[in-house]
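Everything on this sheet refers to the single structure shown next.
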Amino acid sequence: CEGRVEMEQAGAWGTVCDDAWDLADADVVCRQLRCGQAVRVYGDAAFGRGSGPILRDEVGCEGHEEHVWDCPSAPEHDCSHKEDAGVVCSEHQEWRLTGGRDGCAGRVEVFFRGAWSTVCDSTWYEVEASVLCRTLGCGEPLRQLSFGHTLPGRMLYQCESRQPSLAHCQWTYNKSAPCHQSRAAGVVCNGTGP
């Protein structure tokens with residue numbers, strides 16, 4: 001739900017040029033990917049330069065289209081990959097550990113829908129901690145910690161198995177029942193962070 005916008009055409013993946021790239025265009029991409037709505041748009045290859053053909057330029061979505069390829073665009077482009085378009089959608093999640101000795105220990109916090117939230121420990125077990133430590137490049141969990149909830153939002157994760165990130169697990173946001181009487185999850189991973 002965050003990154004450089006790419007599309008496939010005639011069996012080849014390519015990029016979209018940032019000329020006239022705006023929130024209406026990005027909204028269509030986010031909705032198409034089931035990632036909510038666009039919260040930020042980027043140009044100038046903010047997520048790195050892509051490769052392959054540049055498949056769209058001067059994209060002109062109104063915002064209601066089902067797919068980005070349904071939107072009008074220029075038949076020819078005058079772009080290079082240094083102008084690749086990007087987007088951050090509302091359902092994008094990123095994580096951090098705060099209050100510990102480094103970025104690999106502390107209270108679990110998730111950035112979601114424009115704000116940082118804590119994570120309820122009611123379903124926070126070894127597998128969830130393991131997924132997070134690996135996502136952050138921090139190795140494996142050494143021990144679990146618990147903290148108070150001091151941020152307005154609360155996220156709950158339940159992982160059946162070792163997923164690539166917590167966003168791939170089942171999650172619910174700001175549902176009070178499962179978080180009632182919970183503490184904020186924390187973890188110490190065995191790696192050392194930045």
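Cβ coordinates are placed from backbone N, Cα and C, and glycine is handled just like the others.
What you see is a predicted model, and the numbers here were worked out from it, not measured in a lab.
What TrEMBL says about this one:
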| type | residues | note |
| --- | --- | --- |
| DOMAIN | 1-90 | domain 'SRCR' |
| DISULFID | C61-C71 | disulfide bond |
| DOMAIN | 95-190 | domain 'SRCR' |
| DISULFID | C159-C169 | disulfide bond |
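Feature map: TrEMBL annotations on the structure.
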{"residue": "C61", "record": "disulfide bond", "CB count, 10 Å": "22"}
{"residue": "C71", "record": "disulfide bond", "CB count, 10 Å": "20"}
{"residue": "C159", "record": "disulfide bond", "CB count, 10 Å": "22"}
{"residue": "C169", "record": "disulfide bond", "CB count, 10 Å": "19"}
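Taking the Cα atom of each, C159 (disulfide bond) and C61 (disulfide bond) are about 37 angstrom apart. If you measure from the Cα atom of C61 (disulfide bond) to that of C169 (disulfide bond), you get 32 Å. Straight-line distance linking the Cα atoms of C71 (disulfide bond) and C169 (disulfide bond), rounded to a whole number, equals 33 Å.
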